Amino acid sequence: MKLSVLTFVVDALLVCSSIVDAGVTDFPSLPSNEVYVKMNFQKKYGSSFENALDDTKGRTRLMTRDDDYELVELTNQNSFYSVELDIGTPPQKVTVLVDTGSSDLWVTGSDNPYCSTKKKDTTGSSFKQVNKDALASVVESVFTEISYDTTIVTSEATATFDSTASTSQLIDCATYGTFNTSKSSTFNSNNTEFSIAYGDTTFASGTWGHDQLSLNDLNITGLSFAVANETNSTVGVLGIGLPGLESTYSGVSLSSVQKSYTYNNFPMVLKNSGVIKSTAYSLFANDSDSKHGTILFGAVDHGKYAGDLYTIPIINTLQHRGYKDPIQFQVTLQGLGTSKGDKEDNLTTLTTTKIPVLLDSGTTISYMPTELVKMLADQVGATYSSAYGYYIMDCIKEMEEESSIIFDFGGFYLSNWLSDFQLVTDSRSNICILGIAPQSDPTIILGDNFLANTYVVYDLDNMEISMAQANFSDDGEYIEIIESAVPSALKAPGYSSTWSTYESIVSGGNMFSTAANSSISYFASTSHSATSSSSSKGQKTQTSTTALSISKSTSSTSSTGMLSPTSSSSTRKENGGHNLNPPFFARFITAIFHHI
């Protein structure tokens, strides 16, 4: 879902509201020889969306390959992956964010009252100060650099937004583009309402419609989209989540006389038109230092992960609300632990309580229940700052003594360096923020700081997710089409042991011990040797398996093997952390520390 980097409180994942009927048209006309769609995106970080977008040196234009797939270029702004659409006749260019945490496509209308007539002067604040205490006053001058409206939430206030745009709330709409329906000869409005709100207090409302629509030469006309004639977000969204999360189905404001339904969103349109064979896609976000990554619709790239690819079911945490099928990408976390260095006696299990986890590419950092974050913070030496709601700690600089956070998803393990979850406050400071924030919600959100080290395949047809440790070495592509199931993926040992009800999080246990004679191998950073052209499609030869091996030969509570992601200068930052939105974030944190 689309969450601001500066979100202080995330109590609601997504709020959808009233829509009567979005309507569905014929499927698009797509080339019959295409079997998957490939999106290569660039990762950029800047003090604002506009500044990052202006940095276009070396940026590749959208293009179409002549062989068996479509190539679409994306850019990543503050952990948001964006793509440029052509809408209408004649075509108008509009940029939208690609989001796994929502399912609708909407664009900003040219009549949006929040749009300024020219790029916003950053001397004026675009933030509503709910509680003008001393802290808010200190950081106000820093916050003005963000060009979309949001609400700063303090302990004495709750997040709100109103639908009346004031001068201080105006946003720059020119950078990402708007859609003028009156200038398109082919636009058809359904005259039905669209409305959606996000956890960062951005919102959009307007009407549903249809028009000529394409991503470069990839014609996706027939995909329903909404034109937001009122939004406080600088950019629209291309949601690629489950159909149950479409606002026509899960909108909380649907009245009793408004029938809820699902429609064919972007991944479904690709399948039903024949451009891909399954409603599935894989995400390779690449490591935090890289400037590029990949989304494959309808395919998996075996060269982008290390070890085995394990499959687990998507779970339904909203069945009690009447949803018979899952509506968001949630899976079961069966254990959370840490390791210190390369010593096997330094393995620690924080909990084995089953907790729902949302995998969300639209969230920059990660969020966990308050009590679980406290367990983790105590283990890694972080202390809580009540001034702004995050844990702080010393930045990690000695790689040989580095700790890692280990996630048990059901008998297979994914590991991230602790420094991957650290946010550098200032290059001259040794203080880092733990990029796992506490929240009152009993679920977990794993955002970009987790996904950057994980290869994820979202199988919407089978309601499953497959994951493996990401492989950052440049070993070429081993792309295989996804048909009835994800090729080469193994069912996780704990596939059937899923979350069923919310429980209090209990500390302790041993997630590194399972049934007798079972063996799990884990590779945090593994390179693959190139395969010959005559080898089977998707096969790979592993040249290094030194990262991590967890051997389980008994059912006792002791564990054997080493748990340590391999050190690699190509995948690690020497300064002991990853800068989030520099230099803005550095100035924001520096201002806070000067105040407290």
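Quick reminder: no glycine exception, Cβ is built from N, Cα and C everywhere.
Annotation comment: Swiss-Prot describes Asp99 (among others) as active site.
The annotation active site is assigned in Swiss-Prot to Asp360 (among others) on the grounds of sequence analysis. If you draw a 10 Å sphere around the CB of Asp360 (active site), it holds 28 other CB atoms from the protein chains shown. Look at Asp360 (active site): DSSP puts it in coil.
Taken from Swiss-Prot, the feature compositional bias 'Low complexity' covers 530-570.
Confidence over the domain 'Peptidase A1' (81-468), given as mean pLDDT on the 0 to 100 scale, stands at 83. Residues or ranges marked as domain 'Peptidase A1' in Swiss-Prot: 81-468.
According to Swiss-Prot, the feature N-linked glycosylation site maps to Asn180 (among others). Long-range Cβ proximity for Asn180 (N-linked glycosylation site), meaning a same-chain Cβ under 8 A and a gap of 6 or more residues, is found for Gln92, Gly109, Ser110.
The N-linked glycosylation site feature in Swiss-Prot is assigned to Asn190 (among others).
In the three-state DSSP classification, Asn219 (N-linked glycosylation site) falls within a strand. Feature annotation from Swiss-Prot assigns N-linked glycosylation site to Asn219 (among others); the stated evidence is sequence analysis.
Marked as N-linked glycosylation site by Swiss-Prot: Asn229 (among others). Using a 10 Å Cβ-Cβ cutoff, Asn229 (N-linked glycosylation site) registers 19 neighbours.
Within 10 Å of the C-beta atom of Asn232 (N-linked glycosylation site) sit 25 other C-beta atoms, taking all shown protein chains into account. What Swiss-Prot lists as N-linked glycosylation site is Asn232 (among others), and the listing cites sequence analysis.
The N-linked glycosylation site feature in Swiss-Prot is assigned to Asn286 (among others); the stated evidence is sequence analysis. In the three-state DSSP assignment, the secondary structure recorded for Asn286 (N-linked glycosylation site) is coil.
The N-linked glycosylation site feature in Swiss-Prot is assigned to Asn346 (among others). According to its DSSP assignment, Asn346 (N-linked glycosylation site) is helical.
What Swiss-Prot records for Asn471 (among others) is N-linked glycosylation site. In three-state terms derived from DSSP, Asn471 (N-linked glycosylation site) belongs to neither a helical nor a strand segment and is classed as coil.
Marked as N-linked glycosylation site by Swiss-Prot: Asn517 (among others).
According to Swiss-Prot, the GPI-anchor amidated asparagine annotation covers Asn575, on the basis of sequence analysis.
Taken from Swiss-Prot, the feature region 'Disordered' covers 530-578.
The signal peptide annotation in Swiss-Prot covers 1-22 and rests on sequence analysis.
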Practice problem: Work through the glycosylation sites one by one (Asn190, Asn219, Asn346, Asn471) and point out the residue whose CB has the fewest other CB atoms within 10 angstroms. | Solution: Asn346
Quiz prompt | Asp360 (active site) and Asp99 (active site), distance between Cα atoms, whole Å | solution = 8
Quiz prompt | Distance, Asn219 (N-linked glycosylation site) to Asn471 (N-linked glycosylation site) (CA atoms, angstrom) | solution = 32
Practice problem: Round to the nearest Å and give the CA-to-CA distance linking Asn190 (N-linked glycosylation site) with Asn346 (N-linked glycosylation site). | Solution: 61
